[in-house]
Amino acid sequence: MVHHWPVTVCKEVEKDCRDPPDYWTIHGLWPDRAEECNGSWPFHFEEIKDLLPEMKMYWPDVIHPLNHSHFWKHEWEKHGTCAAQLDALNSQKKYFGGSLGLYEKLELNSILQKLGIKPSINYYQISDIKDALASMYGVIPKVQCLPPKQGEEVQTIGQIELCFTKDLQLRNCTEPGELGESGRAWGPGLEVCEDGPAFYPPPPQSAR
């Protein structure tokens with residue numbers, strides 16, 4: 001279950017997004033080892049129409065806010081058609097509705113607030129964030145960052161992933177002996193964060 005921080009999404013694509021959400025939103029629900037994906041299963045917007053209010057709020061297309069459905073179509077075709085191997089996710093309604101359900105159950109925004117991890121001009125240690133999240137969820141998350149660009153001191157936090165078994169029970173994102181994956185992100189820039197300091201950027205309006 002991949003959450004992304006809209007402020008970093010805008011920075012990653014070097015685009016001035018208009019008023020990005022100031023809360024973590026859904027990037028997608030991504031199967032790790034999907035052998036069978038039905039690539040010919042087209043996205044039908046009508047099937048998720050009754051989910052629209054929640055989709056626009058919690059799964060917006062941060063980069064193209066006027067056309068969310070292009071992003072949802074991409075997520076369905078690339079990931080949903082693979083996740084549909086599971087009975088619990090075997091339709092567009094179940095995939096998007098199930099993802100929204102997991103997002104609401106995980107309550108990442110509230111958990112970060114409770115832990116005192118808020119956007120700040122001061123830096124956080126990645127190990128502190130991972131340890132704090134692990135203390136709340138009981139599993140190890142994966143945190144992805146934008147590497148520092150020229151003239152920047154530190155990496156920028158961009159995504160937080162929480163991993164599930166096929167029964168949709170939380171599990172560690174990296175099991176013993178398993179290599180963590182990196183680079184699977186919206187754009188070319190995100191990778192698993194290096195241990196060390198990181199910037200969790202405030203939304204533009206509160207950074208002025």
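Backbone N, Cα and C atoms are what each Cβ position is placed from, and that goes for glycine too.
Over in TrEMBL, the protein carries these features:
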ACT_SITE  HIS27  active site
ACT_SITE  GLU75  active site
ACT_SITE  HIS79  active site
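Its Cβ placed at the centre, HIS79 (active site) has 22 other Cβ atoms within 10 Å. Comparing Cβ neighbour counts within 10 Å across the active-site residues HIS27, GLU75, the minimum falls on GLU75. On a Cα basis, HIS27 (active site) lies 8 Å away from GLU75 (active site). If you measure from the Cα atom of HIS79 (active site) to that of HIS27 (active site), you get 11 Å.
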